Amino acid sequence: MKLSGSSALLLLGFGLLGHASPLVHVQGKNCTVKPLGHGQDDVPNILHAVEKCGQTPGGRISLPAPYTYRINQRMTTHLESSTLEVGGMLLFSDDITYWVNNSYRIDFQNQSTAWRITGHDYVVDGGPERGGIDGNGQLWYTWAKGGSNVFGRPMPLHVLNSTRAVLRNIAIRQPQFWAVLVESSSHVELDNFYVNATNSDPNATEDTVWIQNTDGIDTYRSDHVTITNWVYEGGDDAVAFKPNSTNIHVENVTVYGGPGIAFGSLGQYPDRYDIVENITVKNANFQPSSQRAMNSGIYFKSWIGVNFGVPPNGGGNGHGYVRNVTVEDITFKDVQLPIYIDTCLSYLFDQNVTQYCDTSTFRFDDLHFRNISGNGLATPTNYTGRNITFAVSMICSKEAPCTDITFEDVDIKLPESYSGKSVLCENAGVQGLECNS
């Protein structure tokens, strides 16, 4: 039978994207994917390799260096007792309209994700050269123009419904939004990550440099998560413990720029009870980047106790607690607000929300800080509705005073020219530091 030219091309297209693709080499339990090139979408071939080798015990999918793989559509890779090697680079497409309209939605702050990894007993490994992700973030930074939580910006890596998972040796450059979200998962290890969000748009002049919302990693509804050996350079939280994050261990983290490590935000939704409990942060270093100031180091944030506005930037009157937290072996260099608690959170900056600063019922208890050194900049802030400066601020809500907060071997120097208060305490039971207020 003789095929017409158009029929032959059609069949060839099915061959490239279907099970007979010559760019997916299958040998037993091992699958290797080569990219199509020329901007063509590699997602179908990656998913085919995962189907063939990703759910078989001992299976292995390889996306080797030095190749770049185009991710032109959302994808879910389900792995069971297998390994995904990402030695190459996953480059997300620049089709903003597609991603805004088609990314996976999550039920927290109307956020979105682009690549979901689900399953159990799996490994995702970037290899010795740390392959990983290029989120094509610059176009998103310019598109959002410094707006907070602009709808539709997708997170490039979403660990979802996963148990006994290991992700290691991964670089994420120019994430579109938060780089990594671990959600509804348990016993997850994330080791040796590098995350960098850098803006090159000269129109960005404000303090955020348009790279806010480029968190390194957020945990949400997850238990027993280990985060070790991370380097983060960007414009937002390096690590953030979102609602119902329990038994989290963070160690050996270097942070360049942004707000630092956050416990929150919490208490945003009035119909939810948020718990953050059994958290350890050990051996973390904070300093400014070439683009972004180091706004804070370790901080805790809960929403106002009045449901004002709607998420992602409004809300409040949620309930819950942060309990059993240990923060130790911390170094600050030129950090504006080294350690503080904020119970007056809202992102409706043009509204008079500070009138609700003493309304939060969210509780912070059993917080312990030890072996902390470095310097703060005594930068003025008005997050409480007052103009204040400090090295440590434990200002808690009258409706939910903080209890059992201890400090041991803490030495945070402020500028010699600064003559104001260094330790602020209100509605807080603090031991180990002399409160000035």
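Using N, Cα and C of the backbone, Cβ positions are placed for all residues, glycine too.
Disulfide annotation in Swiss-Prot: CYS402 is bonded to CYS396, selected among CYS396, CYS425. Counted over every protein chain shown, other Cβ atoms within 10 Å are most numerous around ASN196 among the glycosylation sites ASN101, ASN110, ASN196, ASN252, ASN324. Broken down with DSSP, the repeat 'PbH1 2' (245-265) shows 0 helix, 19 strand, 2 coil. Between the CA atoms of ASN371 (N-linked glycosylation site) and ASN387 (N-linked glycosylation site) there is a gap of 29 Å, rounded to the nearest whole number. Secondary structure at ASN101 (N-linked glycosylation site), taken from DSSP and collapsed to helix, strand or coil, is helix.
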